[in-house]
Structure formats: C-alpha cells, structure tokens
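Worksheet for the structure shown next.
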Amino acid sequence: MTAQNTEPVEPASKVDLAPGVGGGGEIPSFDITLKVRRYNPEVSEEARWDEFKLTMYGTDRVLDALHKVKWEHDGSVSFRRSCAHGVCGSDAMRINGRNRLACKTLLKDLDTSKPITVEPIKGLPVEKDLIVDMEPFFQSYREIMPFLISSGHEPTRERLQSPEDRERFDDTTKCILCAACTSSCPVFWTDGQYFGPAAIVNAHRFIFDSRDDAGDMRLEILNDREGVWRCRTTFNCSEACPRGIQVTKAIAEVKQAVLNRRI
Amino acid sequence: MQVHKYDVVIVGAGGAGMRAAIESGQRARTAVLTKLYPTRSHTGAAQGGMCAALANVEEDNWEWHTFDTIKGGDYLVDQDAAEVMAKEAIDAVLDLEKMGLPFNRTPEGRIDQRRFGGHTRDHGKAPVRRACYAADRTGHMILQTLYQNCVKHNVEFYNEYYVLDLLVLEEDAVREDGTAYKQKRVAGVVSYDLASGEIHVFQAKSVVFASGGVGKVFKTTSNAHTLTGDGMAIAFRRGIPLEDMEFVQFHPTGLAGLGILLSEAARGEGAILRNSEGERFMERYAPTIKDLAPRDIVARSMALEVREGRGCGPNKDYVLLDLTHLEPAHIDAKLPDITEFARTYLGVEPYTEPVPVFPTAHYAMGGIPTNIKGEVLQDNDTVIPGLYAAGEVACVSVHGSNRLGTNSLLDINVFGKRAGIYAAEYAQTADFVEVPEGADADTIRLVESVRNANGTERVAQLRKELQDTMDANVQVFRTEQSLNETLNVIASLRERYRNISIQDKGKRFNLDLLEAVELGFLLDMAQVMTVAALHRKESRGGHFREDYPDRDDANYMQHSMAYLDDTAQAGTVAGIRLDTKPVVFTRYEPMVRKY
C-alpha cells in the first residue's frame, strides 16, 4: 500500500453544520452598461461601439450579459462560446482592456459603476464583432509539432513515468488554446509571425515530458528568430491565462533549455 | 452548390470523432466536419477518469467491469457491447498513453487509478480503483491528446461547418425470407459554413456521426451551449430511429443553480454528501457503497432529501458536497479544477465549507442505434451500409438505462476507434452513392425560411420555456401527468416556432440564424424523449416514474425505438411511431439492483 493510495478516513455519519453554511441567500441584482465593439464588413468597414443597459445578478458572468444582449436586445451581436465554464477556450475577449474568458469573469468582480467594455482579442484579424480568425494562432501551434514523438521500441503496456517526471510539465498541460496569452503579448501585436506564448507553452509540455524524444528538434524550432528570443518578459501572458498557467516561467524554462541544450 | 468528395466524412470533432479520424485518416481520405474548433468540444469538460481493468493498484478484471456496467445500466445494456467495451478498455487506455496522454502515475510509474461510482470488485463487494485519470481534467487531456494526434496524422478539418442534413436514399430490397423492404443508403452530408453562410455538400462513401448529446433541452445542465442534439435530430428527420431516448442521466453534483459539473471523482477521493441536518444521507439509500452508488440512485436520493425538507440554503433546494475532512494538499493534487469552479462561481472555499450541489442534466444514454461495429441500424437489425455513429450521439447500447461514471470517455475511445476503422474499411470496398439532384434544396429551404421569417416570437424565449418545462417535468421524477403536460407545452412551442423571426439577416458568422435552427432540433428531440418516457410505464435507471416506481422486466425489458412516421400516432403525438428492440443478453441474468 502506497502513501497516495491510503484509505481516506471514513467521514462521520452526521456532523453539525455551521449556520448559513454553503453560501446561498438572496442573489443581489444590479444594473450595468455593456459597451460592445461591433464590426461587420457585410454592413460597414467601420467598427463602432454599441451600448446596452442591462439588469444582471450577482452570479452572472460577462457571458451572461452578452447572452442577454443577443437573446433579448440585438440578435446580431456575434461571439463564440460553448462550455460556459472556462474549459473549452471559445470566449477569450478583451474585457475592460484585459484578456479574459467571458464565462469566467463575474460581473460583480468588475467595476459596474462604469460601462464594461468588451472587444475582440488583439493581433488576430477580426471577422465580425468579437469573432477573430483563429487560423494564424493554430498555425503556430501546429508548427511546434504538438504531439509526443518517441523513437524507442513501443512497450506492450504503458511507458513508465515517475510522479516527479509527470509533475515536471503538469502546469503546461492545462492549456485550452484560448489565445488569451498570445493575443495579450505586445510582441505578437506588432509581429504576427512570432510563435507567441501559447505555442511555446505547448512546446514546453512536450520538451519537459520524459517520454518525448524530440526535445532538440522543438528547441531548434523555437531558437528561430520568431521563436522564444522575441519574448520580452512583460508577463501579460501569465496575467491573461484563465487556467493560471505560469506562462512566462514556462517560456523562461524553454529559453534556458535552448541555451543548455539539456532538458 | 459546392461539392466535396471524401471516402469518409466524420461529423463532430470531440473524443469519438477524433478517435475515429485517427484510424480512418490513416486508411482512407477523411474529412472531419465540426460546428466548433476541435479543441472546443465538450469531451474537454469531462473530469474524473476513464475506467479500464488495468489492475495497476489492486486486483481487477474486465469481467467485473462488464458486470458493473450492466448492473449500473439496470440490465438494459446490450451485454455483447458491454463485453467489447470492458475488454477493449485496457487497450484504449494504453493507446492514449502511447499517444502521449499525461496520466497521473503510481510511485512505480504506472498509470494511477482511483474509485468511481458503481465500479466494484467482484460483483459489488466493495468499490474498486479502476478509473485512470489526469487530475480532474481527464477529458481535457483526452481531447488535447486526440487533437494532437490528428495534427500528427494531418487529419483534414472543416472547422465551424454545421452539418444540417444527411443525404439518405432508399432502394427496393428483399430480405432473406423473401419480404420486400426499403434499404437506406447514404450519399453524404450537407453542411453550412459559419464564416461565409454558404452551403457545402460532402459526398462520402462512409459517414460517421460523432456529434455528441442533447443536454440543452434542459435548463440545468452540465452540457455546453452547443449540445443541441443536431446529429440525432438530423438522423431522425431522415427516418432513422432513435433508441432509448427516455433515458437521460442527471449527474448528482452540479453546482447548485448553475449546473456546472463537479466530478464524481470528488466522492471517489472521499468527499461525501450531506443534507441540512448534516447527515451522510447516502447511508440510507445505498448502505454498502454509499456516496459511490451509481448516479441515478444518488441523484434521486438528493432530490428526495430536498423534497422531504432536508435541503439546504434559503430555499432548501440543494444539498452539500463535503470535502472539508480531506487534506487541502490532496484536494489540490487530485481535484484542482472543480474546487476552483466552486470558488469562482459560488464563492465557496471547499477546504473549509461544503459546496452546494444539485443534479444537473448530463448525458443521453439513448441515441442513434448501432451494432458493435458502430454501424447504424435503420430498424432492429438492418444495417445502413456506410453509416456509422459513436459516442453520445449513438446508442450501442453500453449504458442501458444509466451510464456509469467514466464509461463515456471509454465509450468514445472504444467505439470511436471501431467506427473509424470500419468506416474506412467499408470505403475501401464500396462505391460512392450518387448525390441526388438538388441535394442541398432542403437545407437551403431550412436556412432561408429561418433567415426570412418575419414572425413575432423570439428564439431565446421559446428555448427558455422548453428548458423550464423539461426541468420541471422530465427531470429526476416523472409522472404521466407531468409528461403529458410537457407534450402539450412542446406542441404549443412547435406551433409558435413557426412564427419566429431573427434579427441577423446576414451571411457572415450568423449565429442568430443557427441558434434558431438548433432550437428546431431541440424541440424535435424533447418531444421524442417525452413520448418515450410516457410510453415506459416502469422505473429503471435514469428513468423514474413516480406512478410506476418499480422495474417491470415482464413488460419493459426492451429498448424503445422511436421513428418519424407521418402515418403514426404515439399517444397524443402525431407523426412518431414507437417500437421496441430486444436487449442482448450473454451471461448476466437480471437481478434486483442494490448497492
């Protein structure tokens, strides 16, 4: 029996609950103004701002406000979304000038006394309203060869990997490819050829995986003039990541690995 | 009309679709059509694990896994399919590891395994550690790993292409016994390109449906906004039956009021459910495995506690998931995401406070009927050559009337792989079926009728009323009265749906238009589910009829099959014919289901 597989202590059949436990209570409502950046080349080449006054609730997120606009006020307001709880990566956008997921940003955590601005993420071509062309972003991702490359003989069972080796790249496995990091990077804004933080994060995920044998190849790709050296360590990416990945740290580790050529 | 030609077209890029694509793409010219980007698919929201009897941490074997799956499904499982799934589970996990999936590891470096509801050692004696996992983001890691391998194998994706129709032809054919019948054949699919608003026809020798579930018929659901039953509805509209649609899984632990999923892995790691009196109430309902009873039983027990006045909160309408006796370090290592959900969305700190939870619509056990090769059936046993389905859209049926936790991630990998292989092999030997003249006409009519509609009803309002009704009447508890009431509401909503209008009339990224089309799918599917639920006058697995609280094997040990049929009448509903299909038994006799 190993330490991590010890039995959890059998919990008590009955406990005394503290009064008011588990949150709850009346959900407060409040009024907000949502300012949405609009652009639809079918209608006009000019972008503009539309304002919507909405009554929202304490548990509502920016996505709920956008849905309220789309479903009750103006059906043409366009944005991507799917899971609505921060795991699919569809709804990265600039909220009050910061890259966030609309479904993970609670309205009550924003300053609702002022209009809340919602714009598309920067650095990628805007298609319509909050929808951008994601293809350049995924192209960079594909270029770092985001798949396990293993040269050895394939075992019949699983490859062995110690918990410590597994932990080494745990942080970068969390990436949901939402592009919040890459599109928050000032280098990427001015140079769309730069791989960008997300691609480097995904390279990191394989470079530091003890099962992968293509580390040198990946480091060579990222040693390119559009690779890791363009990073200016502004930390925008780490702040933007909705998954809490320490993006700048991951990039620094890749830079170090390029210098050492030792993983 | 733009026409593309592929050997195999896969509809959907979640786990099942991409697992199929990895196989098919290496054998035949394959395209994957998805209404999202592949990594946005809802497989990525799955948390807890994927079961396989690897026996890495304790004794286990696939036969026990088969038994648990069958018992968990309250014996409505096709046992041949369950055997395939449990047996092939082991390779399915090892395949993923070899593709690069970062599973959590044991100190010896093997894939670690943990407990999950309904998975037991030796036919129910005690919980067993069978779920392979990557923290509480196993689905995320599966989706990423499969996408990575699609990139590796240069799989061709058509992103944000909504498939809106299946091209089905009928040929006169004769059965072995000499009777004449209409054999369905598949020529391809019709899709709508979100970016341009253009219609594209994809001709294919094989079509694989892997488009996921239909959770958005309910208000409280763990499902993504995009899970609107498109694949099921498209098939149904083309005369393909839907099997066991009355069986919906309500996951016990959705965040109260929001429906966001908190994995069963929490209970697998030792969390327990408590009512307002602080009682561990599952001791009453499942004395042996308690909080790790299958989901239907736990969800019903929670709803009963609330109904009997032992709910928590100002409205006494939820119960509590208690993790406070677990070490914070253990929680951080094993359950980081779900504890963050509790903090972000409810402002509750799971280290020190129990989390408000209530059942949330989670999974459709039913769907497009297939055999164990993933081939779609046009009736109880006639295969439609070249048409395949896998994952939640399909009903093979490995989940019967209640799916065990982790078995969906397993299902998509086992049957996604099978469907991909068989679809490609079929395409290698078959010819294209000719695309009929005006193949896109119905789709154009559908899209343009929505675009040009100038009624007074709002799509969002109708959808909300549908979801409210389904939550109130077709959730954990159902009665003849509640179901009939729902059918009346759906009938009136369908009438009002003819009088909608949308505001976005453009071609470009017109999600306003597609939401209206999706509502049409939801209305069809809600009706089929409710009709099937009304017909099944017994309680089994996820389907609980208060007016018929017992399982009735004499009359209902059979799958339901719903057909679109203009000449038929199912109760008050015109146009749906209900039939039945025998359950496949191999070696397990039905027993009373106790835990």
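Glycine is no exception: its Cβ is also placed from the backbone N, Cα and C atoms.
Because TrEMBL annotations are produced automatically, they should be read as predictions rather than curated entries.
Feature annotations, courtesy of TrEMBL:
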{"type": "ACT_SITE", "residues": "B:ARG295", "note": "active site, proton acceptor"}
{"type": "BINDING", "residues": "B:HIS251, B:SER263, B:HIS362, B:ARG403", "note": "substrate binding site"}
{"type": "DOMAIN", "residues": "B:7-409", "note": "domain 'FAD-dependent oxidoreductase 2 FAD-binding'"}
{"type": "MOD_RES", "residues": "B:HIS42", "note": "tele-8alpha-FAD histidine"}
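TrEMBL feature annotations superimposed on the structure.
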residue  : record                       : DSSP (3 states)
B:HIS42  : tele-8alpha-FAD histidine    : helix
B:HIS251 : substrate binding site       : strand
B:SER263 : substrate binding site       : coil
B:ARG295 : active site, proton acceptor : helix
B:HIS362 : substrate binding site       : strand
B:ARG403 : substrate binding site       : coil
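For B:ARG295 (active site, proton acceptor), the count of additional Cβ atoms within 10 Å of its Cβ stands at 25 [all protein chains shown].
Listed recorded positions: B:HIS42, B:HIS251, B:SER263, B:HIS362. Those with a CB under 8 Å from a CB in chain A, in sequence order: B:HIS42.
Per the record's binding annotation for substrate, residues B:HIS251, B:SER263, B:HIS362, B:ARG403 show a top Cα-Cα distance of 14 Å. When the alpha carbons of B:SER263 (substrate binding site) and the residue listed as 'active site, proton acceptor' are compared, the span between them is 11 angstrom. For the domain 'FAD-dependent oxidoreductase 2 FAD-binding' (B:7-409), the model gives a mean pLDDT of 97.
The Cβ neighbour count for B:HIS42 (tele-8alpha-FAD histidine), using a 10 Å radius and every protein chain shown, is 25. Closest to the residue listed as 'tele-8alpha-FAD histidine' by Cα-Cα distance, out of the recorded positions B:HIS251, B:ARG295, B:HIS362, B:ARG403, is B:HIS362.
The substrate site is set by B:HIS251, B:SER263, B:HIS362, B:ARG403; from the centre of their CB atoms, other residues of the chain with a CB within 8 Å are B:SER222, B:GLN249, B:PRO252, B:LEU261, B:GLU264, B:ARG295, B:TYR363, B:GLY405, B:SER408. Shown are the binding-site residues B:HIS251, B:HIS362, B:ARG403; the one with the most C-beta atoms within 10 angstroms of its own C-beta is B:ARG403.
If you take the Cα of B:ARG403 (substrate binding site) and the Cα of B:ARG295 (active site, proton acceptor), they are about 8 angstrom apart, rounded to a whole number. Distance from the CA of B:ARG295 (active site, proton acceptor) to the CA of B:HIS251 (substrate binding site) is 6 Å. Each residue contributes its Cα atom, and for the residue listed as 'active site, proton acceptor' and B:HIS362 (substrate binding site) those atoms are 10 Å apart.
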